C-alpha cells in the first residue's frame, strides 16, 4: 500500500517542498508506519511506500483539510 501521510487532527497531508528524495518525508513515514516504510516528496506532500494494508492515509473520511 502507498499513500500520503495525514495529520489525524485536521485531515491535511504532511507538506514538503523538496521534491523527490526527502529526509523529512522518509523520517515521518518511518515514524508513523514503521522502519520498513519508505517516503519521498510527491506533488508537495509526503508520499509513503511499503505500508501495511490497514495503514491510514489521506484522505480521511469526514475530515477535510482546512
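Backbone N, Cα and C define each Cβ position, glycine as well.
Feature annotation from Swiss-Prot assigns domain 'LCN-type CS-alpha/beta' to 1-66; the stated evidence is sequence analysis. Taking the domain 'LCN-type CS-alpha/beta' (1-66) as a whole, pLDDT averages 96 in the prediction.
DSSP assigns residue 65 (disulfide bond) to coil in the three-state reduction, placing it in neither a helix nor a strand. What Swiss-Prot records for 12-65 (among others) is disulfide bond.
Taking the Cβ of residue 41 (disulfide bond) as reference, residues of its chain lying under 8 Å away and at least six apart in sequence are, in sequence order, 16, 17, 18, 19, 20, 21, 22, 24, 25, 47. Residues or ranges marked as disulfide bond in Swiss-Prot: 16-41 (among others).
DSSP assigns residue 25 (disulfide bond) to a helical segment in the three-state reduction. Among the features that Swiss-Prot reports, disulfide bond is placed at 25-46 (among others).
As annotated by Swiss-Prot, disulfide bond applies to 29-48 (among others), with the evidence given as sequence analysis. Same-chain residues at least 6 positions away in sequence with a Cβ under 8 Å from that of residue 48 (disulfide bond) are, in sequence order, 2, 3, 4, 5, 25, 29, 32, 33, 37, 38, 39, 55, 57.
Look at Swiss-Prot and you will find 66 tagged as asparagine amide. Taking a C-beta cut-off of under 8 angstroms and a sequence separation of 6 or more, residue 66 (asparagine amide) has the following same-chain neighbours: 10, 11.
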How long is the line from the C-alpha of residue 46 (disulfide bond) to the C-alpha of residue 12 (disulfide bond), rounded to the nearest angstrom? 11
Among all chains shown, work out which of the disulfide-bonded residues 12, 46, 65 has the most CB atoms within 10 A of its CB. 46
Simplified to three states, DSSP reports residue 48 (disulfide bond) as strand
Could you check the disulfide-bonded residues 16, 25, 29 and say which one's CB has the fewest neighbouring CB atoms inside 10 Å? 16
